[in-house]
Amino acid sequence: MSTKKQNIQAELVDPDAGVWEVEATIDNGDFGTRSIRFETGLLARQADGAVTAYLDEDTMLLSTTAASRQPREGIDFFPLTVDVEERMYSVGRIPGSFFRREGRPGTDAILAARLIDRPLRPTFVRGLRNEVQVIVTVLSMDPKDRYDVLAINGASASTQLSGLPVSGPVGGVRMALVVDSDHPEGQWVAFPTREQEEKAIFELVVAGRVTEPVKPARGRGRGRGKGAGSSEPNVAVMMVEAGATDNVVERIAEGAPAPTEEVVAQGIEAAKPFIATLCEAQNALAKAVDAETREFELFPPYGEDVFASVQAEALDALEDIMAIADKQERDEALAANMQANVDELLPEFPEREAEIRAAHNEVTKAVVRRRILEDGFRIDGRDSTTIRDLGIVVQLIPRAHGSALFERGETQILGVTTLDMLKMEQQIDSLGPETSKRYIHHYNFPPYSTGETGRVGSPKRREIGHGALAERALTPVIPSRDDFPYTIRQVSEALSSNGSTSMGSVCASTLSLYNAGVPLKAPVAGIAMGLVTGKVGKAGKDKYVTLTDILGAEDAFGDMDFKVAGTPDFVTALQLDTKLDGIPSDVLAEALQQARTARLEILQLMEEAIDSPDDMSDLAPHITSINIPQNKIGEVIGPKGKTINQITEETGANITIEDDGTVFISAVGGESAREAEEKINAIANPQQPKVGDRFLGTVVKTTAFGAFVSLLPGRDGLIHISNLGGDRRIERVEDEVSVGDKLEVEIADIDNRGKISLVLVEEN
């Protein structure tokens, strides 16, 4: 394990243009090194801050930060916008849209923007009201890499140069637990390539900042331990986004370590030295260009005089109100108390209503936190480890292929599963190598779920993010294409919300998928955890209280939102956001174990409702697969698709043919699928017709000299006009037979070209 320290300094590479750059090396030991380089002064010179970030040589993006000169009026929040622009030229492709240009951001770009926003937003000084926009443009991307984590660092670096008041740079790193023959216990690898990700069983994206000046060591990440350097930089973890890989179950069966809570905690620790290195590089660049913080007018949410008056007026009433267990009753009482405070104090503080309301929220927050820290009770009367009452109803929607209702307290999620052919996979046109997705998870959060009105329509960024988290939690247990050749669309409807609808979606989805007959590798459940910290007692000792199954108010008033999903044996997905300057390792480990205990309790109740896949619904398509020789694929399809279209029309089945000769046949009725299978086999593996064979055929064409009869798919024979009338002479074929007629015929002759001559079979 290397303990060498990097001497990170910015270099003036073009004195005439004023171009500076700084480079940080990410040392992964046996897995090689990666280079992260920041450059400023060449591109986007009119932006307040602009940085070009490189991962090695071929992955390159431009991050710009710009701020309005005047604060935005009439708002009580910080107007930060983060946008990621994916350019198709970055991978040498022309967009596939009609106009051949990029349109609105895709899912990958939206998720990358959220990854940037979550750790960057808390670094801005409180009370800033100027509009700030961070735009990351992907200019070049190596197919072996991802750009999202590089974008976190680039966005932070450009913000450091913008003159905006921030607390310091943010570093982001992707960690993969790679398991191979040389590392059977796994090694955490920073900025892994896609090839290394294929060998991984778990991945983490960790973002954080250094809370005091340190000289970080160059990390090497050996083993599953801390894996990077011997010195411990004081890094505050601000965000974690993590998930198991889609083949983790098979890898564990082969002997790989399971990604348990302990392993996940080790991965977070292993990321810290790399974060410190990236923060040091950003600081070096900002120091070199002499980036000075400009003066901005700040708008604190309330004045101290207002807060003191609100506290004196409302504290006692809020102690009683925040002990009301029912959310609607509590919200109504809280709103009434706030309005009473406004009416009482507005004459004393004219034109400061917004401050009174903000101070009221702060007093409410203090009451909730004090009750948890000192009394050990939460808003609804639970202790720190109790889960709210659970309710489960399976097969709620009559014509859905699978459905389930999952309730946890006042949070209510409806999960609905739809199955279809593999050709219904979602087609992906993005910068990555993925071209399709078989398991699709959509999450909807209508305004009525919180008793409000609002816009409905296309999904917001939050809905896309929550759907992606639930999808990540379930992907590791979705059966393979070979075991279950279906496209699966899972929809989570948040019908009522009071805390962690995303983890409720994971539970509802497991139940719904089982109800649809999907043979999951293991059931998955999720739980949202919270954290409240403060000083208690006369000595002012720091106290950390981890909360299981947090309410919406506990999320808003607490210090951490920590969502964990998994099977009984390992973690499948994790998401962490914290407002603290770091969480002690033992507190994080305790939170993970507390989450596991809750998850096992929920899984047990889910198992009582449904413990294995149900039979598939009669309304769902039943898919069978057969294999045909590759040289027969063209014959099954026919000229311009004639043969396969004919089979589809005659049987009502949907047919998909893969390049390797695998044929998927889908039909709501089993008889249709069997009939289609017989017709395909008759073409691909036919019995060669011979003289004397009899068939009940269908007339497919009439001519002046006879009628063509279909014997097998793709094999027709001719009844000459002289053989149609028996002993009678007929003038027109159409006088005897028409297209579509069924005729019993016998093969009279097959010439050397394979053409078949038929005769009618006499009735006797």
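Counting starts with 1 at the first residue shown.
Every residue gets a Cβ built from N, Cα and C, even glycine.
According to Swiss-Prot, the features are:
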- ASP555, ASP561: Mg(2+) binding site (BINDING)
- 621-680: domain 'KH' (DOMAIN)
- 692-761: domain 'S1 motif' (DOMAIN)
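Across the domain 'S1 motif' (692-761), DSSP assigns 6 helix, 37 strand, 27 coil.
Candidate binding-site residues: ASP555, ASP561. Fewest other C-beta atoms within 10 angstroms, ASP555. Across the domain 'KH' (621-680), the DSSP tally of helix, strand and coil residues reads 32 helix, 16 strand, 12 coil.
Model confidence over the domain 'S1 motif' (692-761) is summarised by a mean pLDDT of 86. Annotation note: ASP555 (Mg(2+) binding site) sits in a helical segment as assigned by DSSP.
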